Structure formats: structure tokens, C-alpha cells
């Protein structure tokens, strides 16, 4: 089968924003204008096409990043047909992992901001992630029809708070109730959309007289930004003082793809104005798969290599999301980076080194699906019938294995015990939790060995609440949930050198003998665990060294202070001895474990607690209350900012253990007028009195 759309006309984009910027509505309008979706779904009624899980519709927030394919020929039908794959990303901070994983497979992003609220805390998180993956982006200022809407204020905030370099390519005509349309600064014409046709028809008219000066000023800034893309354009601009439309678009496109600037547009998705022009900007300024650097990976021999976005290359793809579908079972969303694959082909899951047959391939449109026979470089599709694949796995041609760069998932910071209500729920719960953990790598399930309870861990209270809710709806499991518990960790302050562990049992017959000497050091924050083999002269035979490592790793799970996992330590195995007959793997595993426990005791162990970055938006009158309360929760105030349209943003670092039930007390402190967001920042040493209380509670 030949390719329907040339790869140069593909755009793999994400629509990203904070809650309530109107992202889902914006996506809906995109689907409507691209002709996929003939009746507009509204979030207000809980009927939006992209939000396809029941809880998303109830809560009106987007949780799952669904992928949809749409086609666009320009709002005036003036482009050849382009294929736009849209990955919807959630806006709530507990779902940052979803944003992160979709950023990995995007080529470009459209950041949606509220014209009233401007840049919110979550916008900063998303922006940082887009920077991390070097994702070219556009800014779309939505809700221009709302009271307090101010396009230029958002422009200032993008520069100040995000250190962005926005370049407006349109200027709004009016604002709030008087918002009529936009002036296209490239064409220097006003665009007025026809309300009767829900914005599918529009007219170019002359720029309103009162806006001419403003438009000239902003056009000059835009042309200058385009001219800076290369020397030839700069010289032409300096000589002629002007550039052609094509040169402006080319200059802005090159700089957008290089992540130097962000074209900025505006509109109101709800009132059907502006999204159409934004879609044209996606075609004009965001990259196709061939405009960005080829994906890199490792071959079997560990050599680094790259795969170009071309059908002639060997097949490689990345599984970026797993979903359970009530009709077809497990769906694996994957992005094809190179080559072609057909349904029925055998693939290699290079991450797990397992071969699997690709069953059916589905092209997703929000919650509808169409079966297709093949996918090519640049495509995003869903596979049915892959049993082994999980998020972040590389799928490739078995004859040409490659492992693409893996995604890194954060460690959970909050845990809860969960118990089935009846015996019948017990079995179903295990199945449901495993299925959910497979879908979401930032959600973990384990059994507490002492109490036998099932413990679930995740990125925040809302995260766990939604997963327990899904268990009930999708798997019919009724469960009771315990109080949230903080995921404390243990580490060391000092080093401990030459600590030995000796496991000897000799009581006639075959005995046990293992002897290991280690040095324990603190490694840098977030590094985890590191094992170094420094054995010389075969004092411990090669085959027993992994057993020492294994024994230490088992002991890491439960530290010496209060049984919390140990992090950020480096163990060097320096010496030991063995017995020809009595030594075995188990003896060295025990020796490693004993040496590590003793080394931990000597190395001044400390308790670490998760610190959260908290941002509170509050009217100025309550500022003192909010700050006093945060300080009372052992919070460290990091700074304050003014909000668009009055009010203050207070930024603080607060221990997670002090933040339970915060939303209730914030409501009473501020008469329900303040809001807050919270995300995990890092682990920090717990103060002595706090640590002692936690340790005594745990060791009672």
C-alpha cells in the first residue's frame, strides 16, 4: 500500500495546558473543523470526544492521553491535505507522568493558556517537560471572550514566568464580550468568523482603524524575529525593511523548530473563533517527523545509532501508553519512528527481548476506532494482541534489533493500604491493580509483608483516588482505602569503610561459608543504588559477586532506622574470602546483606521525607493567613508573584506529611477563594524531632 499522506505533511502534536484553560474544548474544535466530528462535544455537558473515561467526564478534567488522527487543508482550503495526529495530554499536576510520556512521542506542542488566568503553576511544569524533550511549540491564548481577558498580559507572563520567547502572529480584535476575531499579522488582514456556521466560514476584512498602529508595531517585531533565522533574510530585511509572506513563514518556522521562539495566537474555542487559524499555524510552524533530529537508540553490541523517519529504514517504534478497552482488551499505543509494519507481522520487543505477533492495528479517533492494515514512519496507532509490551518499550524488526532511549518515570511519593470489601472482590482486586499498574508506570502495587495488606503508591491523593475509582467502575471491585501514608526513605550521612559480613555455618556435613567486605558511601541525590566490584586476585570467585549484590539489594528494601527503603548509596565490594566446599550463592547473599546492615548502622543513617512544591493562588487579603499556615506546616516560602487580574501566588516547599487535608483548611482560611497545586520536588532530610516520632511510631 502506498502512503496516503507524504511524511512531510504529518504533524504529531500535543495539546497541553493546565486545568480550565479550555484544552479539551480546543481539541474538540480541532476535531470539528477538521471534519471528523460533526457535532461539537462540550465539556460543560461532560460529552467531549477526547475525554473518554467516565471519571474524566464527571470531573471535567482530562486524565488519559488519547491519540486521534485528523486531516486539515487550511481554513481557506489553501494547503495540500495535512495529517495531524493529536495526543491529548492531561492538565492536572498528579498526571504529570502522562504529560511526560506524551512529550516523548510528540514532534510539536500547542500550549493553551487562559486569557484571564495566564500562566499557571501547571503550565510551568509542562513547559519544563517540553524543554527537556526539546519540543517546538506554539502558544494559544484561549477564552478571549471571558471577563478580564488580556492577550498582552499573557505575553508578558510567558516571557517572565516561563522565560519563553513568544512572537504574536495575530492580534486580538477586542476582548471580553467585545472579542470579534483576530488580525493576521502575516497577511495584515482582519479575520472575522461567521457565527451561524460555527466558525467554519470566515471573511478577510480591513484592519479596524483603531488597531492599525498596534498591528504595525507587532508586525515589525514578528518580521524581525523571522529575519533573525538566517543571514540572507536579515540582510534582505535590513536593506528592504520588509520580507515576503513566504519568507516570514519560513523564518518563523525555522526558529520555532529550533526552539528559539514560540508563535503566539489567540481565540475562544467555546465561541468558535481562532482555533481555525491556530490549525494553520500548526501546519506553518510545527515540524513534520523529518524536520526533527532522527531518533537515537542502542544496538545489541551497545553501539549508539540513529533511525531516520523514513519508510525505507528498518522498523522501530516506541510503546508509549497502554489502555484497557472494554471491547478489544488491551490496547498498546505506539509511535512509529522508522520503517513500515503490517498487521500479522512478528515484532521484537527489544526492551524485554521477546518476540510477539502484531495482531490488529487500530487508528484511534478519541473513542472510536478504525482498523488499518499497516503503519509507516511518523504514524501513531494502537496495537491489539501484544501481551508483553509495557510503557516505554521499543518494538522493532526482529532482524535489526534496536533499543530506543527509555522514558524515566518518577518514584511514587504517597501510599495507601487498600482492602477488598468481600472475598469475591479479593481475586478481582489483584487482577485490576496489576492491569492498572501496567497502564501507569508511576503507580505501584506491593504487599506489606508484616501486615499482609496490599499497598498502592502513586504521585498524589487525586492520582490514587482516580485509580481506586477506576477499579470500581471498570473491574467492579469494591475496596476500602486506608489513610494516605508518606513514602519515607533512608540514606546515610557518612561513609563506612571495610565493613565485613560473614555467614558461616559448619556443623558437620556440607556447611555454608560467605565472607564479604564492603565500603558504603553516600551518592548524589536521586542517584539510587550503585554497586562497584573492586575485588582483586579472585578472593571472591566471579560467580558469587552477583549474589553479594543481590543480598544488598534485598536489604535495601528495608533500612535500619524504621524499615523504609534505602536510597542514594554506593557500595564497593573490596575484599572477602571463600571456602572450596562450603561456599555457595546463598551464603554470599547472606554475607552481603549482613555487611550492608552493619555498614548502614555505622554510617550515621538518616530519614528522608518527600518535599512538595506548593503554589497557592490567593486574594491579597488572605495572604498573611496563607503564609502563616504554610510556615506552620514546616513550609519554606520560596517567593511570591502577582497574579493577572489581582491576587498573589505564594510558592513554598512543604513536607508532604504536613499537606494532608490541606484543601479543607485552605478553604476555611480564605473563605473558599484560594486554590493550590502541589507536585513532588525532591527528598530532604527530616528534622530530628520529626524523624524520631516517625521511627518510634513505626518500630512500636
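Each residue, glycine too, has its Cβ placed from N, Cα and C.
In Swiss-Prot this protein carries:
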- 8-290: domain 'tr-type G' (DOMAIN)
- 17-24, 88-92, 142-145: GTP binding site (BINDING)
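The binding-site residues in question are 17, 144, and the one with the fewest Cβ neighbours inside 10 Å is 17.
Take the CB of residue 20 (GTP binding site) and look out to 10 A: across all protein chains shown you find 19 other CB atoms. Counting every protein chain shown, the number of other Cβ atoms lying within 10 Å of the Cβ of residue 89 (GTP binding site) is 27.
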